[in-house]
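Q: The following block contains the structure, expressed as structure tokens.
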Amino acid sequence: MGLRVPMALSLDFLTHEELLRFFHRKKTEISCIDQPHTFLRQLRDHDLVSEKLYQRVVRMKTKEQKMKGVYEVLDSLETDQAERVKTFWECVFTDHILQHYPTLKLLRNSLMDGSFRVNESQPEMERLDKRNNTEGKIKDLKEKKVKKMSRQKRKGSSTSGREEGEEEEEEEEEDQAGTSKVTTSQKKKKKKKLQKPNYCSPLRKGGREDIWNWPMHRSQLPVTCGDKEGFLHRDKLAKGDKCILHEDQWYTPGEFEKLGGKERNKNWKISIRCRQTTLQKLIQENHLKSPPAKRRRTEKGQVTLHLVLLLQGSHDVLS
């Protein structure tokens, strides 16, 4: 039986490399959690830390020693059990662990809404810029070399001093033109560096932020209502169940609308939004399935039938 991850979500939409890279970059942040004993016991219960290392770390007394000990545990996990990184995240994303450690809850949200990719994309952009700069310099050097060889051939075949003078003038003009091109290229590169970094995302240039079409949001969507945030489970919405998870509790759309202070609207499809787009629009465009209307009629019918039976029973008593 697998671990129960909050929000009834799965980490299957993330690759092993993404989970491992995220783990590697967050080891120091995780090691700073307060009172790590519950966290360490959870790891031990799932065989993610050896008994010997666990016993040594829990005996540490000062806060600084505990931080170093937890980091050692995480470092050991990355070195010896990297293939189990998904088990680690599922293990620490269970409800009782998240209630103790707000840091882990923030990391959970970062993974689920994809925001962790923004921070990871910047080093990649820098590497690409360096690579492009290097390739451009190599190309310029090759072009200069070819031109120089061409000039030397023409110079060797020339028989008049006048032609040689013309060649020298041409050479100077070409060198000046080449210098001008390099200067212009350098200016353009400087301008590009001053621009805001174009972070990598699942969107293509010019595309709308239709996150409901992203693979990672096939089962759930981040939603807001007023100042409240949550995750909408698509299948639960279609079935008419409580489908919005906010702070580890499930709500119906109507309940979440009330929680967000928008109950006056009396229309949760308009009150609840995903990236400023109402759920009503997503339903109209077939990105979401609306709860079945039959269920409401059935519930009203059951109440009506119950009242009829009560009235019949009271009539029989009177007669």
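Counting begins at 1 with the first residue displayed.
Cβ coordinates are placed from backbone N, Cα and C, and glycine is handled just like the others.
According to TrEMBL, the protein has these features:
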type	residues	note
DOMAIN	1-116	domain 'HSR'
REGION	121-206	region 'Disordered'
COMPBIAS	124-143	compositional bias 'Basic and acidic residues'
COMPBIAS	144-156	compositional bias 'Basic residues'
COMPBIAS	164-176	compositional bias 'Acidic residues'
COMPBIAS	186-195	compositional bias 'Basic residues'
DOMAIN	211-289	domain 'SAND'
Q: Please spell out the DSSP helix, strand and coil residue counts for the compositional bias 'Basic residues' (144-156).
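A: DSSP classes over the compositional bias 'Basic residues' (144-156) add up to 13 helix, 0 strand, 0 coil.
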Q: Please list, for the domain 'SAND' (211-289), how many residues fall into helix, strand and coil according to DSSP.
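A: Counting residues by DSSP class gives 32 helix, 22 strand, 25 coil.
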Q: Could you pull the average pLDDT for the domain 'SAND' (211-289)?
A: 86
